[in-house]
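Per TrEMBL, active site, proton acceptor is recorded for 687. Per TrEMBL, the feature Zn(2+) binding site maps to 397, 399, 665. Here TrEMBL flags 399, 468, 469, 470, 471, 472, 473, 668 as substrate binding site. Residues annotated as compositional bias 'Basic residues' in TrEMBL: 59-68. Here TrEMBL flags 114-127, 199-209 as compositional bias 'Polar residues'. The region 'Disordered' feature in TrEMBL is assigned to 44-157, 192-217. Residues or ranges marked as transmembrane segment in TrEMBL: 6-27.
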């Protein structure tokens with residue numbers, strides 16, 4: 001019973017499934033037949049449309065064989081340049097061809113009208129956009145040819161409602177196939193490819209090495225960038241100058257300033273031929289070293305005769321004729337002009353104008369920094385092999401006794417104490433002492449010495465007080481150590497200082513780019529000081545291409561007068577200047593001094609400027625009449641040093657010898673008279689700290705530099 005029921009169920013399921021399958025088959029077949037018929041209709045329609053397109057494009061393709069397209073990804077707009085006979089027909093066909101294409105967003109509307117030239121003009125405008133070169137980083141490189149590139153200048157220049165007329169077409173000419181590529185950049189070919197760039201003419205001396213590419217070679221990119229020649233003009237220049245006519249008061253101030261500048265020109269010594277024009281440089285490389293700088297060759301004596309008159313040396317052509325040459329302004333004229341300069345500095349209108357002028361210059365400079373500081377920094381970096389460390393630097397203010405650093409001096413003292421302890425170095429209190437005995441008297445050993453105990457370094461209080469400044473020249477605070485190691489006129493003839501100086505010269509020569517002007521003292525106590533100094537220089541062979549000498553004269557008349565060394569100020573002038581005139585007229589009289597003066601470039605006045613002094617009057621006593629114990633004023637020293645040096649330079653220039661410039665310490669402290677006097681007679685000054693408070697001198701010094 002159960003088996004029969006199961007069998008009937010299976011047959012019923014089979015019959016039902018068969019019926020459903022047959023019904024589905026017939027439905028699927030009918031649907032497939034309808035789809036096939038629909039596909040045939042669509043295919044036939046597309047075939048007819050393709051034939052029409054081929055017939056329309058066949059004439060245009062024949063013309064394209066003679067021209068090139070801008071890019072494979074760009075649409076063909078060459079059909080817009082057809083001749084007048086078939087241009088109108090093809091325009092209608094092109095309109096039907098692209099009517100079904102979707103218009104991308106952002107594309108400007110096409111301006112259509114009765115004139116067919118409008119469409120051609122618009123096509124020309126778009127062509128300029130289509131063929132512009134794009135870099136890999138350009139946003140337009142990956143965009144479609146029809147898409148609008150954001151930030152395009154061409155699209156910004158064409159508003160959406162712009163109307164173009166036929167005059168635009170006549171101005172720009174026709175749109176032939178050759179006109180599409182007339183404005184292509186040099187780096188782009190007609191196919192849109194990038195041309196290989198030629199070597200830039202601004203690159204010089206490339207360090208690229210040809211050979212095996214797999215070998216180790218230097219990368220020339222960085223070197224070539226640094227070797228780019230600087231551009232002719234890359235800085236922004238701002239011309240800010242008042243255009244209004246100066247007032248009567250301002251015109252009067254300008255006239256006074258001009259008179260002061262002309263007054264200085266009448267005093268300062270100027271060479272007939274500038275030093276840089278005398279030397280003819282045939283080899284621009286580093287000068288060859290002077291192998292024998294102290295060689296002396298006999299020079300003929302001239303007939304000049306000289307004598308000291310009222311503190312100034314007068315030079316005559318000969319002793320018989322007594323015809324004076326090389327005259328200089330007298331003391332009365334100088335002090336009169338000095339008082340005129342002082343009156344000018346006290347005028348209120350002059351100070352006001354100078355204040356405004358200096359403020360204007362400062363603000364213009366600040367503006368220049370804001371505009372060009374970065375450009376100047378980059379221009380400095382592009383200069384090959386020229387930075388702060390390999391350009392020549394000259395230290396123009398170094399006292400010879402302080403030319404070494406404290407570590408160098410300490411190392412030298414320890415070396416001498418270890419190697420030469422039994423050397424007799426000083427005569428003190430009627431006894432000759434060796435170097436070891438000197439240190440024993442100071443209760444010091446070589447082990448005890450250190451930089452702090454030496455105490456020769458400059459701290460915050462060194463330059464505020466002149467007395468503390470002078471104490472720094474005493475190692476360990478002991479004057480006997482200064483006499484042994486930092487003096488050339490001592491018992492050992494300055495041998496230790498000579499050896500120490502040669503070590504400093506060696507360091508300068510090794511650095512190659514560091515130079516210095518060392519100041520060494522002539523006190524004026526006796527005329528033999530010049531010969532002693534020259535003998536010390538020559539005997540110790542103290543010469544370096546990196547070093548020249550500058551003579552400094554301490555203003556210590558009052559001390560010498562109290563000690564009984566001199567009787568009047570005239571004695572100091574005689575001791576300083578008479579040996580210089582003697583060696584100039586007759587070099588054989590002082591051969592070592594003659595050789596040494598070839599390395600001397602300047603004369604300096606030094607002492608504490610903060611000491612109170614009386615302002616000189618127009619009629620001052622002569623140096624021979626100055627017999628009191630008071631030190632003369634700074635301007636008194638300045639005039640007589642200037643007057644004698646001016647005459648000496650004129651004489652030396654006439655004989656083809658090296659001249660000496662007047663470069664005193666001035667303006668570090670003290671009265672305004674110091675700056676006024678040196679403005680008239682000095683070539684340069686040292687310090688000049690007070691200039692920041694004296695606007696008038698600031699202004700006229702800037703004008704003199706210009």
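Placed from the backbone N, Cα and C atoms, the Cβ positions cover glycine too.
Cα of the residue listed as 'active site, proton acceptor' to Cα of residue 397 (Zn(2+) binding site): a span of 9 Å. In sequence order, 517, 519, 686 are the residues of the chain that are 6 or more apart from residue 397 (Zn(2+) binding site) and have a CB within less than 8 Å of its CB.
Excluding the listed site residues 397, 399, 665, the same chain places 398, 519, 552, 604, 606, 686, 687 with Cβ atoms within 8 Å of the centre of the Zn(2+) site Cβ atoms. Residue 665 (Zn(2+) binding site) carries a strand DSSP state (E or B). Taking CA atoms as the reference points, residue 668 (substrate binding site) and residue 399 (Zn(2+) binding site) are 16 Å apart. Neighbour list (residue 399 (Zn(2+) binding site), Cβ cut-off 8 Å, at least 6 residues apart, same chain): 518, 519, 552. The Cβ of 687 has fewer other Cβ atoms within 10 Å than any other of the recorded positions 665, 687.
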